[in-house]
Structures are given as C-alpha cells and as structure tokens.
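According to TrEMBL, the protein has these features:
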| type | residues | note |
| --- | --- | --- |
| DOMAIN | 15-463 | domain 'Major facilitator superfamily (MFS) profile' |
| TRANSMEM | 81-104 | transmembrane segment |
| TRANSMEM | 110-126 | transmembrane segment |
| TRANSMEM | 138-161 | transmembrane segment |
| TRANSMEM | 167-187 | transmembrane segment |
| TRANSMEM | 199-218 | transmembrane segment |
| TRANSMEM | 230-250 | transmembrane segment |
| TRANSMEM | 262-288 | transmembrane segment |
| TRANSMEM | 300-326 | transmembrane segment |
| TRANSMEM | 338-357 | transmembrane segment |
| TRANSMEM | 363-386 | transmembrane segment |
| TRANSMEM | 398-420 | transmembrane segment |
| TRANSMEM | 440-458 | transmembrane segment |
C-alpha cells in the first residue's frame with residue numbers, strides 16, 4: 001500500500017466490496033438497457049435516431065471523462081474522486097429513471113457515462129488500501145466483475161421487463177450505487193496521491209472535443225456512409241483537434257496524458273492491442289445478440305428472446321471472471337507476451353468459430369467462452385503492462401486512456417459491422433442476410449489477427465517492481 005497509515009480490517013474488506021459492488025451495478029445497468037431499448041423508445045416517444053443517443057451519449061461521456069477522472073485519481077485523494085463519480089452516476093441514474101422524454105433520458109445517460117472511469121479508479125484505490133498479498137487478487141476481481149456483468153445484465157433484463165416497468169432497470173442499480181456511496185463515505189480510507197499536481201484544463205478540453213468529434217463521426221457512419229461530407233468533416237476535424245492536443249501535451253509540464261509514456265514500446269503497443277481487441281470483440285457483443293434473436297426461418301437465426309441472448313453470453317462472463325485472477329500466475333509461467341498472445345489468439349478463434357454457427361448453436365457458446373479468455377487474459381494483461389511500466393502517479397490516467405482506446409475500437413467495429421449487415425439486408429424481408437454476418441465475422445477475425453501480431457512485438461516479460469509502486473493485476477493472493 002502507498003498510504004501512510006494502514007486501514008483496519010473492516011475498512012480493507014469494505015473498500016474492496018464497495019468498489020466491486022459499484023462497478024458491478026454500473027456495468028450491469030448499461031448492459032440491461034440493450035434488450036429494453038424498444039420499450040424505452042415507446043415509453044418516451046422517441047424516434048429511432050433519437051433513441052440511439054441513449055448509447056452514443058453514454059459512450060461520449062465515458063470516453064471524455066475517463067482520462068480526466070484517471071488524472072484526478074493520480075493527483076487528488078482517490079476516496080474523494082470515488083465519491084464524486086458515484087454521486088454523478090447516481091444522479092444520472094435517477095434522471096434516467098424519472099425521464100418522460102428522450103432529452104432527459106439522454107441527459108441521464110450522459111451523466112452515467114462518467115461511471116466508465118470506475119475501473120481504472122478502482123485499480124488505484126485497491127493498490128492504495130489493500131495489503132500487498134491481496135492487491136493482485138482484488139485487481140483480478142475488478143476485471144472479472146467487469147467481464148461477468150455483461151452476461152448478468154442481459155440475463156436478468158428479460159425477467160425484469162416481463163414483470164416490472166423498464167424504469168426498474170434504473171431503480172435497482174440506483175439503490176445499489178447509493179448504498180455503495182454511503183458505505184464508501186463511511187469506511188473507505190483516505191487515499192492521498194504520491195504527488196499532487198494540477199489539472200491540464202486546455203488538454204482536457206481539447207481531448208474531450210477531439211474524442212467527441214471522432215465518436216459522433218463513427219456513430220453516424222452506418223447511417224450516412226463513411227464517404228459522406230458529414231462523416232469526413234467530423235473525422236478530419238477530430239484528427240486536427242487531437243493533433244493540437246498532442247502538441248499542447250508535449251509542451252506542458254503536467255499534461256493530462258503524458259504522451260512521452262505512450263512513446264515507450266510497451267505502453268504504445270498495449271494501447272494498440274486494446275484498440276484492436278475492442279474492435280474485434282464487436283463480433284460477440286454486437287453480432288451474436290442479433291444472430292440469436294433473428295427468426296429461425298432465416299436458416300441461421302435462433303429466434304431467441306432477450307433472456308436466451310443473455311444465456312448465450314454467460315460463458316463470456318464465467319470464463320472471464322475465472323481466468324482474470326490467474327493472469328499473474330500465467331505471466332510467471334509464459335511471460336507477458338505469452339499471456340497477451342493467449343488472449344488475442346482466443347479472439348481470432350472466437351470470430352472464426354462463428355462462421356460455422358448456423359445450425360450449431362453450441363458453437364456460439366464456444367465462441368463466447370473464447371471471448372471470455374480474451375477479456376480475462378487480454379484486458380488484465382494490458383493493465384499489468386501499464387502498471388509495470390508507468391510511474392505510480394500516472395497509473396490511473398494511463399490505464400484510463402487504455403480503456404478509452406478500447407471503447408473507441410469497439411465503437412468503430414460496431415459501426416462497420418452494422419454497415420456490412422445493412423448492405424446485405426433484403427428490402428422485402430428487412431433482415432440481414434448470412435453473407436453480411438459472414439463478412440463481419442471475417443473482418444473481426446482479420447482485425448483480431450492484427451492484435452496477435454502486435455502482441456508478438458511486446459516484451460517477453462515486464463520488469464518486476466515492488467508492490468508499493470506497482471502490482472501485477474490478476475495474481476492470486
């Protein structure tokens with residue numbers, strides 16, 4: 001631990017419990033919204049394009065806020081930052097639950113997007129508050145929680161919607177998040193920074209604007225096409241703004257994101273792998289639910305419900321949760337490069353297996369289990385590299401940036417997949433043809449192969465450091 005005074009046993013256990021519960025409630029909330037979207041759209045009287053901002057606004061807010069919150073966690077008391085994030089997420093959940101129109105609903109979702117920063121912030125808090133023998137297991141628990149909540153959210157959404165109004169998808173997580181705030185206020189000890197600093201306001205504004213332009217451009221691409229003047233203008237403007245951001249960050253003494261760290265081989269390759277993995281996993285997170293819910297009459301759909309869709313994703317949560325705490329032990333056996341190769345190769349296999357899925361539903365279960373290996377080993381391995389190679393006062397901000405890069409990759413993959421399905425849709429049926437799914441699965445496999453090649457370029461092993469400075473994520477206690 002890096003705190004000057006060690007917290008008591010109750011505080012240690014409660015701290016781990018509260019950050020895990022808050023992350024689980026938040027991640028499950030966002031996952032549950034997908035099957036509920038038609039009901040929400042009808043309830044608030046929104047058009048299809050307007051309701052899409054329920055997710056776009058969330059993604060934008062998360063991408064913009066995560067680097068800022070990560071930096072705050074590096075230079076301010078992490079307990080205070082955690083309470084602030086939980087308060088904003090709780091407010092956003094409350095606004096969304098009470099919303100009677102799409103504008104209020106979107107506002108609530110934007111506020112909830114700040115919760116994306118809970119993962120890197122939780123890693124920093126665990127490092128500061130847990131005994132050395134429990135830090136790695138606690139970090140593995142965080143990664144496993146993030147993995148399992150996806151499947152849990154989809155599984156429980158269906159039964160809740162069958163007996164309760166959709167607003168309960170907000171009220172239940174709201175209660176958990178409020179409880180987490182109260183417990184955190186009472187028991188989480190102070191987590192002072194290793195070195196205090198200031199917020200790079202100019203960098204924050206430029207990064208927020210650049211990411212917003214990029215993500216809006218990506219989100220519009222499936223509607224108007226990548227060659228449209230709107231999308232091209234947004235992407236070009238984003239590149240220009242992010243270029244200015246890079247110039248500003250390289251000149252300031254306390255940058256929001258230390259780009260010099262990104263210039264190091266390990267960190268740069270890790271962020272590249274995170275982007276490509278985020279892109280590749282759209283095959284499971286976006287295409288599998290669509291494939292499961294298509295009518296059986298298509299010859300490749302399963303005619304499933306929201307509940308069955310969630311059940312097909314359960315292997316991802318189980319495998320991801322199971323393997324994340326084992327990453328540290330596996331690193332000692334086969335090295336950092338070996339762990340990342342295992343995770344990225346599993347994603348290639350997951351996409352290729354789906355090519356043979358028609359008529360073989362059990363192959364979808366195998367594919368989602370393989371994706372669980374990617375999440376458990378790939379994400380945890382990426383965090384290990386960041387923790388092992390960046391200064392302690394930059395851990396939260398750099399790991400937060402890696403999550404943002406992964407989210408951008410996922411958004412890009414989802415939109416390109418949507419374009420492929422749209423091009424294969426027959427006007428008379430309004431259903432995507434198997435050729436569209438096949439092309440999307442092949443794209444996911446090809447991009448995931450790029451992640452394998454990038455992983456090969458990683459150092460075989462990361463330098464070992466003391467637990468007080470950095471700790472291997474996913475190493476059993």
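Positions of Cβ are set from backbone N, Cα and C atoms, glycine also.
Of the two recorded stretches, the transmembrane segment (440-458) does not lie close to the transmembrane segment (81-104), with fewer than three CB pairs under 8 Å once pairs fewer than 6 apart in sequence are set aside. Within the chain, the transmembrane segment (398-420) has long-range Cβ neighbours (under 8 A, six or more residues past its boundaries) at 59, 62-63, 66-67, 69-71, 116-117, 119-121, 123, 211, 214-215, 218-219, 221-222, 225-226, 257-258, 261-262, 267, 270-271, 274-283, 285-287, 379, 382-383, 386-387, 390, 436, 439-440, 443-444, 447. Comparing 81-104, 138-161, 199-218, 262-288 for CB pairs under 8 angstroms to the transmembrane segment (167-187), the maximum falls on 81-104. Residues 19, 22, 26, 29, 44-46, 50-51, 53-54, 69, 72-73, 110-115, 117-118, 121, 125, 167, 170-171, 173-174, 177-178, 180-181, 184-185, 188 of the same chain lie 6+ residues outside the transmembrane segment (81-104) yet bring a C-beta within less than 8 angstroms of a C-beta in it. Sequence-distant residue pairs (6 or more apart) of the transmembrane segment (262-288) and the transmembrane segment (230-250) include fewer than 3 whose Cβ atoms are under 8 Å, leaving the two stretches without contact. Outside the transmembrane segment (363-386), and at least 6 residues removed from its termini, the chain residues within Cβ reach (under 8 Å) are 123, 139-140, 143-144, 146-147, 266-267, 270, 273-274, 277, 280-281, 283-284, 288, 291-292, 312-324, 326-328, 330-331, 336, 339-340, 342-344, 346-347, 349-351, 353-354, 356-357, 395, 398-399, 402, 406, 451, 458, 462, 472-474.
Through the fold, the transmembrane segment (199-218) approaches residues 56, 59-60, 63-64, 67-68, 71-72, 75, 230-231, 234-235, 237-238, 241-242, 244-245, 248-249, 252, 254-257, 404, 408, 411-412, 415 of its own chain, all at least 6 residues removed from its boundaries and within a Cβ separation under 8 Å. As a whole-number mean, the pLDDT of the domain 'Major facilitator superfamily (MFS) profile' (15-463) in this prediction is 83.
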